């Protein structure tokens, strides 16, 4: 009798693990789509703000945990890109409804979209004291990246680059 319980426990554990791996894999795919969709505005914002090509390096390495994001201009470009998709309001804070819809448009379900919005909102609250808009958005971006890595949702750079290149 104890042996059959053990088999049931192992079977359920493997099933749950498979669901978690599938959820992480699915979430990575959605994050890849979100990154590719968001990056559609990159070149336009880069030109509008007259920033150098070094900013492209920051974006191409954004999901790498070991890559240090330090360029204030990166925050300016992220802010510009977010405004192109109406993801921020007049106070330069996340527009929850539009961000939720943007996530859903790129494959997230309601639960994941809400989780993404909540993560960004929490990051905003953590960095509200930074007066400079570009610096604050850079810190919010770094905070968001950390939270995505904690969930194991970060897409691999190779996959993101492939997706971005096919979009161009």
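Any Cβ shown, glycine's included, is placed from N, Cα and C.
These features come from TrEMBL:
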DISULFID  45-80  disulfide bond
DISULFID  76-134  disulfide bond
DISULFID  123-143  disulfide bond
SIGNAL    1-24  signal peptide
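Mapped onto this structure are the features recorded in TrEMBL.
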residue : record         : DSSP (3 states)
45      : disulfide bond : helix
76      : disulfide bond : helix
123     : disulfide bond : helix
134     : disulfide bond : helix
143     : disulfide bond : helix
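Sequence-distant neighbours of residue 134 (disulfide bond) (same chain, six or more apart, CB under 8 Å from its CB) are 72, 73, 75, 76, 79, listed in sequence order. Its Cβ taken as reference, residue 76 (disulfide bond) is surrounded by 21 other Cβ atoms within 10 Å in the chains shown. It is 23 Å from the Cα atom of residue 123 (disulfide bond) to that of residue 45 (disulfide bond). Rounded to a whole value, the Cα-Cα separation of residue 80 (disulfide bond) and residue 143 (disulfide bond) is 18 Å. Counting only the Cα atoms, the space from residue 143 (disulfide bond) to residue 45 (disulfide bond) is about 22 angstrom.
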